[in-house]
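Student: Please read through the structure below; I'll follow up with questions.
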Amino acid sequence: MQNNITRRFMMAATASVALFATTATSALAEGWAPQKPVEMVIMAGQGGGADRLARMFQAIIQKEGLSRMPMLPVNMGGGSGAEALRYLKDKEGDAHTIMATLNSYYTTPLRTDIGVNIEEFTPIARMAEDTFLLWVSADSGITSLDDYVAKVKTSGKDWKMGGTGTGQEDSLLTAMIEKTFGLEMTYVPFQGGGDVAKNLVGNHIDSTVNNPSEQMGFFRAGKSIPLVAFTPERLVQFPDVPTARELGHDLVYVMQRSFVAPPGMPAEAVAYYTEMFRQLSELPEWQKYTQDESLEPAFLTGNELQAYFLEEREKHRAILAGMEDGSS
Amino acid sequence: MEMFSLLADGFATSLSPLNIMIVLIGVTVGLFIGAMPGLGSVNGVAIVLPLTFIVPPSSAIILLAAIYYGAMYGGAISSILLGIPGASTAVATTFDGRPMAQQGKAGLALIAAAVASFVGGTISVVLFTLFAAPLADLALAFGPAEEFALVLMAFTTFVGLGGDDKLKTVIMICLGLVLSTVGLDLISGQPRLIFGDMPGFYSGVSFLVLAIGVYGIGEVLYTIETSKTAPTVTAAKITWKELGYGIREMNKLWRSMSIGSFLGFFVGMLPAAGATPASLMAYGIARQTSKRPDSFGKGNIEGVAAPETANNAASTGSLLPMLTLGIPGSPTTALLLGGMVMWGLVPGPMLFIEQPDFVWGLISSLYTANFAAVLINIALIPLFVWALRMPFTVLCSIVIVLCIVGGFAPSQKMHDVWMIAGFGVAGYLLRKADYPLAPLVLALVLGPLMEKSFRQTLIAEQGNVLAFIERPLSGTFIAIALLFFALPLIKMLRKNGRRAVAPAE
């Protein structure tokens, strides 16, 4: 009897907690929910675009009560994300780990032998596509793409392009720029986009291809100048910056900002996180953020997302192959 | 002066009843989180972050900063009492804090740690208030070459550490450097030294795992051996009189505390460095410039004061690049940064101009948080010391449990627990063979930073090694490093020279 009462009480308590949870989280799918804090692995170092974005997701998720359990961001930027990829692979079947991706999600397994095949990972959701601009420091006196190309041509290998690691998206974009304009620069790797941005303003490097969010603070303080945008259209935040296409060069490159999960994550958990991110993508905070930081919202999930990943991987394989030809 | 009126406005914010309450809660929570091995300010801030959305942004950041501060104070507690570093920032505190506790001076060591933290925190907040803008420019002037030179300087301050046997010190530094190369290559991403294909090694050897192993477990093993009959851990009691004596004693520590404050603030300010290297460097320099360097590592109170001032100063320092440049100087400030982005604040050069209320409210709250932390900490010292009166058999089991939990908690990998056990046995054997452990730990902290900055510079300068001395800032650091390196050599030569000359006469 005693036991029965306890049990009933427990059931009532669970029900009311569940009720509370549902009211708080509007309409998250019933059923499976995380039982412990969810680890949010970030494939990059602190302060870069990926890091800021992931931490903002974490903050929104907690503020809006989209998850009953907190999200704990963990930076694993080592080796162009290899550390994170390997970590996720070893978490096979785990329901409490998700990972925020960059394009190094494709390139790192192609370049290094870490035993990771991204086909095995579980796709959750693509939140946005991030954009790139070419930046120089305000002290450089360079104001246009033509100036830039002329200056780099005379400097040759002394020209330092900063980035987040060989094989990272900025190094691919750098290779594409070099090819298009017939330039040769020295590519210097740093540990995150924030570090790159700081080193540009401190004049330790001469140019970068940062995401808008990484340079926004310096840009608004007048310390860095965007020369050209590698997007199909001009960016709302930078109406005066021409696109490469407008200037007659077909250079377009975007970076997906997505979430994936370990191989073999239980289907209920996948459904839970997918729904969580779908709700997040509809929030006004997120929509305002994408506009402020020049992100293109592009929500995609499930099989379509996996197909997109695999298609992009092939594109990157081609770019990487081109880079190797160029350097040898 | 415009700055002072802004600061006064800031105090109007931080001294509101709500914010005072928040500071008290934050500091107390932080103190306990910091005192738990394995849990540091990062965990504290992460856990509390979601709760901050119920209060206005300025109060929220004050809460987070108070936890951050409290944890810096708390880290020293288990370092001193149990010999397990409460957080990676408090590793250097174990070097002398633990011997002091064993000599029955735990109370004094805790007071020294609290007061030193207060001094370090306060001096650095004053520096922050007065020089935030020019110092941000200095942080910008730090490129990879300067980082390398600074780390090199840190190493040279440790050559003399660990007693007279220089060879053993060098061996331990090399061993630490080898450990620091385990895991994925920072630049190319290729795995190194992973023992076949053991996934646990991909993320490298964690510094905290090594420190908990060699200091926590190693220490327990060593104590068990040496105290077969009579437990050496003294049942320390503490009275108000002793408390007063302890605080007066602090007067003698101005030298090590000023080293800690300025160095800590400066190193903390550099992105990528943070409070852990800062506290180790402060310890090294305090020892190197001391008149009695041999007494360090054997319970010298200065060896507690220097790293404790430095880690608090560094935690303030690391707020500077976060606020002015939008680049976090430490893992914890990275979390604070996430919070700020969420509240719609854009960190960067414009923050001071666009959001003065927020910035100055935060700065003024650092003053109040420091004040609250030192009071709460000193009030709780008798309670902490009381814990030492447990019988050794009980205490040593608790220490081992805390070591294992503390090693498992941050990354939740069994791999780390096995590593702790391994390092524990290794630490015990090394200690028996009289090898110094501090250089090992230092090398593991600074090794990755040194390797990265060295390779970045060489890539940027296309292999030109002279780049390190051609740049004024890094050249200066390298010169100082060489001086530190040569100092013991010069001393030795002079001594030998005299000896050699004497018999000839």
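Cβ coordinates are placed from backbone N, Cα and C, and glycine is handled just like the others.
Pulled these features from TrEMBL for this protein:
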TRANSMEM  B:20-39  transmembrane segment
DOMAIN    B:20-442  domain 'DUF112'
TRANSMEM  B:46-69  transmembrane segment
TRANSMEM  B:75-95  transmembrane segment
TRANSMEM  B:107-132  transmembrane segment
TRANSMEM  B:138-162  transmembrane segment
TRANSMEM  B:169-189  transmembrane segment
TRANSMEM  B:201-222  transmembrane segment
TRANSMEM  B:262-286  transmembrane segment
TRANSMEM  B:325-346  transmembrane segment
TRANSMEM  B:358-386  transmembrane segment
TRANSMEM  B:433-450  transmembrane segment
TRANSMEM  B:473-490  transmembrane segment
Student: Answer yes if the transmembrane segment (B:433-450) and the transmembrane segment (B:107-132) have at least three CB pairs under 8 Å among residue pairs 6 or more apart in sequence, and no otherwise.
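Tutor: They are not in contact.
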Student: How about the transmembrane segment (B:138-162) and the transmembrane segment (B:262-286): at least 3 CB pairs under 8 Å, pairs 6 or more apart in sequence, or not?
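Tutor: Touching, yes - the transmembrane segment (B:138-162) and the transmembrane segment (B:262-286) meet the threshold of 3 or more Cβ pairs under 8 Å.
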Student: Most CB pairs under 8 Å with the transmembrane segment (B:358-386): which of B:20-39, B:75-95, B:473-490?
Tutor: B:20-39
Student: Do at least three CB pairs under 8 A connect the transmembrane segment (B:325-346) and the transmembrane segment (B:75-95), leaving out pairs fewer than 6 apart in sequence?
Tutor: no
Student: Does the transmembrane segment (B:107-132) come near the transmembrane segment (B:262-286), with 3+ Cβ pairs under 8 Å (pairs 6 or more apart)?
Tutor: yes
Student: Pairs 6 or more apart in sequence, C-beta under 8 angstroms, 3 or more of them: is that satisfied by the transmembrane segment (B:46-69) and the transmembrane segment (B:262-286)?
Tutor: no
Student: Using Cβ atoms and a strict cutoff of less than 8 Å, what residues sit near the transmembrane segment (B:325-346) while being 6 or more residues removed from its termini?
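Tutor: Distal contacts: 40-42, 45-46, 49, 52, 57, 60-61, 64-65, 68, 136, 139-140, 268-275, 314-315, 317-319, 354-355, 358.
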Student: Taking the domain 'DUF112' (B:20-442) alone, what is its mean pLDDT?
Tutor: 82
